[in-house]
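S.K.: Dropping a structure here in structure tokens format, bear with me for questions.
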Amino acid sequence: MASTLLNYFLCLLLAIFAASWMVQASDPDITSDFIVPPNSNNITGNFFTFTGLRSVFDPQTPPNFKVTKVSMAEFPALNGQSVSLAVLQFPAGCVNPPHTHPRSAELLFVVEGSLEVPATAVSAFGGANAGTVSVPSNLFTTGIDDGILAKSFKTDLATIQKITAGLAPKA
């Protein structure tokens, strides 16, 4: 009885420790309103003004899929804010290839149209530098044997070769 009680107590203690550790796992707190870039001592309103999205309000739909990013690279004032976004413009017949964002979650908000016809969408990210990993180009152009890919996707070799040919760099 005493060993059962001791085992129960140790399991409970372990569960409490694990739960308290999970509660502490989060993004760091934002401790300042903004981060001054190195070697800068004259911050003006221009530092906090981003004009790169003005082109997305052009009434003409772009001929190809277009992404306008707003991340730390384009807008340094986002450094330390744990946010970024991208405006996606989809012309008719276009697709957004399967992809992941290794350093962030994504929320996609369709502003106009639907994703079956021309659309404009905004992706908001929970990180200032979300990154993008394109699944097709990172899977089908890495030199993995076509036979292995065909078996992995339960398809035939001709289908894999057709996909690979479509992703080959343009000469």
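Every residue gets a Cβ built from N, Cα and C, even glycine.
Copied straight from TrEMBL:
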SIGNAL    1-25  signal peptide
DOMAIN    54-161  domain 'Cupin type-1'
BINDING   Asn96, His101, Glu106  oxalate binding site
BINDING   His99, His101, Glu106  Mn(2+) binding site
S.K.: Expressed to the nearest Å, what is the distance separating Glu106 (oxalate binding site) and His99 (Mn(2+) binding site) at their Cα atoms?
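M.R.: One finds 11 Å between the Cα atoms of these residues.
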S.K.: Can you list, in sequence order, the residues of the same chain other than Asn96, His101, Glu106 whose CB lies within 8 Å of the CB centroid of the oxalate site?
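M.R.: Other same-chain residues near the oxalate site: Ala86, His99, Thr100, Leu108, Ser123, Ala130, Thr132.
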S.K.: Taking the mean position of the Cβ atoms of His99, His101, Glu106 as the Mn(2+) site, which residues outside that list, in the same chain, have a Cβ no more than 8 Å away, listed in sequence order?
M.R.: Thr100, Ser104, Ser123, Phe125, Ala130, Thr132, Val133
S.K.: For the binding-site residues listed here (His99, His101), which one has the lowest count of neighbouring CB atoms within 10 Å of its own CB?
M.R.: His99
S.K.: Mean pLDDT across the domain 'Cupin type-1' (54-161), rounded to an integer, is what?
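M.R.: A mean pLDDT of 85 is what the model gives the domain 'Cupin type-1' (54-161).
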S.K.: Neighbour count, 10 Å Cβ-Cβ cut-off, for Asn96 (oxalate binding site): what number do you get?
M.R.: 15
S.K.: Note down the number of other Cβ atoms within 10 Å of the Cβ of Glu106 (oxalate binding site), including every protein chain shown.
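M.R.: Excluding its own Cβ, Glu106 (oxalate binding site) sees 16 Cβ atoms within 10 Å.
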